[in-house]
Amino acid sequence: MELKEVVKKLNQFAPTSLAEKWDNVGLLIEPSSPLQVKKIMLTNDLTPPVMEEAVAKGTNLIISYHPPIFTGMKCVTQKSWKERIVTTCLENRIGVFSPHTSYDCVQDGVNDWLIKAFDVVDVRPIQNAMELHSNMSNSISCCVPRTQCNQLQEELSGIPHITDRLPPLSAKLKNKLTVDDAIQKVKSHLELDSIRIAKSPDSNTLETVAVCAGSGGSLLKDVRASLYLTGEMSHHDVLHAVYSGSNVILCDHSNSERGFLKHLKMSLEPQLPGVDIFVSAVDKDPLEIV
């Protein structure tokens, strides 16, 4: 499948226009055309070890959740590890696509996956999509022959709903949990041996949860929930949360996102027939508990 066709399919899953204004998403590295994509690697971060793995496995396209190019580069040399990644990609004809916050904003995206650590009901976005994307229109007007109405409806059904999911999410737990029960559910869902917990002195029985993949400090602040689940929060944000009645589970930034890649693989495979999609075996959070 041609690279341009793959990118089109990726944008159908989550349009890059949904990303935050500060973000750098989409096709970041594009080798000269034509580029046939037969093998795609999924990774949370494109680091030197991941780059080596991609080359060794004959990868044609890397989908890196975090953009490896974020701020502007004034040159592409061998001086920094990020510059070396760019040159390695071009030398080996490997494209790089980064979705980042656009995957946070769609149904079946990162935050939907994260909240599935629990059995929940009444899942809601904490912020309305139109509040964050006030310049967006959410209406479509068109004229088609009657004979093509069914075809049009099928095409429109594939457009993601931009108003029903947005980070972070809140929900009610189907059944009340203790903090210890919640810890075990998070460890199991994220496949982690250890996480960090800040317990509120006012709440050991959990009825509601709010989640935000990545860094949830500012987005979760003052949200009413008996449990916050996110990757990282500042010391002062954690203090504010626990003494306002919310327990806090932190699992480190990328650990709150990385498990989504297996789910993404299953979602993309039907859309990209004939393309081998795999998750990096060496991608990991840089922080370790010792």
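Cβ coordinates come from backbone N, Cα and C, glycine included.
When the candidates His66, His235 are compared with the divalent metal cation site entry in TrEMBL, which names Asp104, His253, Glu257, the shared residue is His66.
Reduced to three states, the DSSP call for His253 (divalent metal cation binding site) is coil. Note on His253 (divalent metal cation binding site): other Cβ atoms within 10 Å of its Cβ, all shown chains, come to 21.
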